[in-house]
Structures are given as C-alpha cells and as structure tokens.
2 protein chains.
Amino acid sequence: MVNPQTDEIRPISVSESPEDKFREFLEIRGEKLTDPRRVLVRHIYSTHKHFDADELVRDLHDSGRAISRSTVYRTLRLLVDAGLLRELRLTNRTAYEHDYGYPDHDHLHCTSCNKVVEFRNEEILKLRDAVSRANGFRASGHRFLIEGVCSSCSRSHSPRRRLDLI
Amino acid sequence: MVNPQTDEIRPISVSESPEDKFREFLEIRGEKLTDPRRVLVRHIYSTHKHFDADELVRDLHDSGRAISRSTVYRTLRLLVDAGLLRELRLTNRTAYEHDYGYPDHDHLHCTSCNKVVEFRNEEILKLRDAVSRANGFRASGHRFLIEGVCSSCSRSHSPRRRLDLI
DNA sequence: ATACATGCAAACCTTTTGCGACAAC
DNA sequence: GTTGTCGCAAAAGGTTTGCATGTAT
C-alpha cells in the first residue's frame with residue numbers, strides 16, 4: 001500500500017531578502033529596482049499565499065499604491081526570471097507562488113473551483129524527477145499538478161466557477 | 001533508488017465505437033448526432049494525438065469540411081462531458097486527448113515549447129490517487145502534469161514559443 | 001544625452017455567447 | 001410549431017505591446 005502521508009511545508013531560512021535578491025538580479029541585467037518594483041516585491045513577500053496579477057492590481061490600488069496593469073505583468077515576469085516567483089498555469093489564469101525560501105513541493109488543483117492545495121511527498125518528488133530525467137526534461141523547475149475535483153465541488157454539482165486560490 | 005521505468009501506453013479494446021458512444025450520450029440528453037458533430041468525432045478519432053480547437057478548425061477547413069469555430073468549441077465540450085475526450089489545460093490553450101479506449105496515464109509538459117509527452121508509471125498512479133484521496137479530491141479524473149523544460153528547449157535558450165503538441 | 005521605466009490604450013489570443021436563420025420531427 | 005443546431009459576429013477575459021512621457025544618471 002502506498003503512503004499518502006505528506007510532509008509539512010515550512011519556510012527555509014535564507015540569507016538574503018527577496019528585495020535584495022531582486023535588486024541583485026536587476027543589476028546584473030543593467031536594470032534598476034525602481035519604486036513600483038520595490039512596492040511589488042515587498043507586497044508579494046508580505047504574505048505567503050498564491051495570487052494572480054489581477055489580485056495584485058486590485059490590492060495595491062485599494063491600498064493607495066496603484067501600479068499599472070502593464071507594470072504588474074512586466075514585473076511578475078521579472079520576478080519569475082529572477083527565481084523569486086513560480087508560475088502555476090491554471091485553468092483560466094496564471095497564479096504565482098513564492099519560489100524563494102520555500103521547499104520543493106507539488107500541488108493539487110481543483111479544476112472546478114480553482115482551489116490550489118500544496119503538498120510535499122518525498123516519494124512523488126523522487127519519482128517526478130526520475131521520470132523527467134528519463135524523458136530528457138531538465139532536472140530543475142518541475143512541478144507536479146494533480147488536477148481533480150475537490151470534495152466541496154464534487155458534493156455540489158455546480159459547474160466551473162472561479163473561486164479564490166489558497 | 002526510484003525506478004523511472006514507464007509502461008507502454010497502448011489502446012484498450014472497447015466494444016463500442018466513439019461515434020456510437022457519442023450518439024448514445026446525446027440521445028440520453030435529447031440531442032442529436034448531427035453532421036458537423038459526426039465529422040468532428042470521426043476526424044478526432046482518426047488519429048491518436050493531442051490537439052487543440054484551433055488545429056481542428058484549421059484541419060477541417062483545409063480538407064474542405066469547414067466547421068465553425070463556435071460549433072467546434074461547443075462540440076468539444078460535449079465530447080468531454082461524454083467521456084470521450086479529456087482536457088489538458090496547458091500554458092495558453094486547452095489541448096485534448098482521447099479518453100476512451102486508452103489507459104490511465106500522466107504527462108510531461110514542456111512549458112517552453114508546449115510539447116506534451118505521455119507516460120505511465122504504476123507507482124505514480126498509485127501515489128497520485130492516494131494523495132488526492134488524502135486531500136479530499138475525488139478519486140477519478142485526476143491527471144498529473146509534470147511541468148518542465150524539455151531537452152531541445154534547454155539546449156537552445158530561445159524564449160517561450162508555441163510549438164506542436166505531440 | 002542616454003538608457004531604461006512607466007502608464008495608457010490598443011492589440012492579441014483563446015474561448016464564450018447572443019441571435020437570426022434553418023432543419024427535423 | 002416546437003425544439004434544437006449552425007454560423008456569424010460580437011463580447012469576454014487574461015495578457016502583451018507600441019508609444020509618448022518621465023526620470024535618473
């Protein structure tokens with residue numbers, strides 16, 4: 001019998017702040033940590049949760065630090081390239097999660113309500129990487145997504161809705 | 001050491017043709033297997049590969065059996081509901097694969113060129129379902145997607161492109 | 001001056017929908 | 001006639017881009 005037990009997912013201690021890591025990344029490319037970028041990276045790392053571009057635009061607008069939609073999208077791309085964020089391409093939108101100071105893990109995604117649940121299972125991590133390698137996929141940057149229907153959605157037979165990410 | 005060996009994925013013998021299964025499904029709902037729908041289900045099941053809506057529209061148009069974009073999308077939804085097709089929500093589009101007469105399996109998805117590779121690993125199938133169940137996700141309808149970067153993409157450093165599905 | 005960033009609006013892409021025309025029973 | 005389907009064109013939703021303006025060396 002397989003063991004579905006999943007390990008805890010808790011922050012890894014890192015020496016550099018996300019902001020510093022971002023600044024460093026930008027400097028190497030001859031770019032700058034501007035005001036809007038700093039606001040974004042700080043806001044994003046102020047809470048550990050999944051989010052999307054629209055949420056960011058809304059939150060910052062509501063807190064009086066409005067940043068244009070294009071800047072948000074452009075900065076998100078930079079943060080991904082900098083290794084600070086990871087993209088989760090879901091049903092209709094792209095969600096992001098912290099990819100710095102956080103251990104390797106995988107996700108369950110409810111295709112009905114869009115809920116995302118994180119889990120960490122050593123066995124799956126190993127198998128995932130082994131299968132990837134066996135198929136010539138690069139060893140880093142993988143992420144498993146288990147698509148399914150969560151309990152609340154399979155109870156109610158309502159069709160696809162957009163709910164919050166977790 | 002984990003074993004990345006994957007089993008062969010070959011057709012399962014089924015008693016009913018996809019077209020018949022579709023007709024049956026439609027009849028139950030008081031709907032009909034019309035001409036465009038028959039053309040679509042036949043075309044889709046004439047080759048075993050992943051495809052998307054746009055490809056279908058293009059292929060049928062090019063072979064002189066043009067079917068409108070809306071009908072294609074509407075029929076794809078029906079085929080999914082009928083259990084004939086399975087959706088793979090990828091980066092920017094939705095790909096489809098046969099879900100009838102084909103064994104349970106998972107996918108590797110290259111987020112750079114959009115290539116999709118199928119694999120079947122017993123251990124992963126078991127773990128996938130165990131973890132899903134442990135998190136209250138419905139036992140059927142799961143699919144793993146390993147996101148990564150395939151060998152040709154990690155060699156060339158070209159950015160995200162849209163290539164063919166496999 | 002130069003090099004890069006920003007905001008806006010327009011463009012883009014994929015998918016969905018409203019609607020008038022049409023076909024089957 | 002009623003019911004359901006089709007194609008068209010428009011709309012919708014998420015994301016990207018062109019461009020003129022602005023800012024820091």
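Cβ coordinates come from backbone N, Cα and C, glycine included.
Bear in mind that TrEMBL entries carry predicted annotations, made automatically and left uncurated.
Pulled from TrEMBL, these are the features on record:
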type    : residues                               : note
BINDING : B:ASP106, B:HIS142                     : Fe cation binding site
BINDING : B:CYS110, B:CYS113, B:CYS150, B:CYS153 : Zn(2+) binding site
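Note on proximity: among B:CYS113, B:CYS150, B:CYS153, the binding-site residues of the record, the Cα nearest B:ASP106 (Fe cation binding site) is that of B:CYS150. When secondary structure is read from DSSP and collapsed to three states, B:CYS153 (Zn(2+) binding site) falls in the helix class. Sorted by the number of other CB atoms within 10 A, the binding-site residues B:CYS110, B:CYS113, B:CYS150, B:CYS153 start with B:CYS113, the lowest.
All protein chains considered, the CB of B:ASP106 (Fe cation binding site) has 22 other CB atoms within 10 Å.
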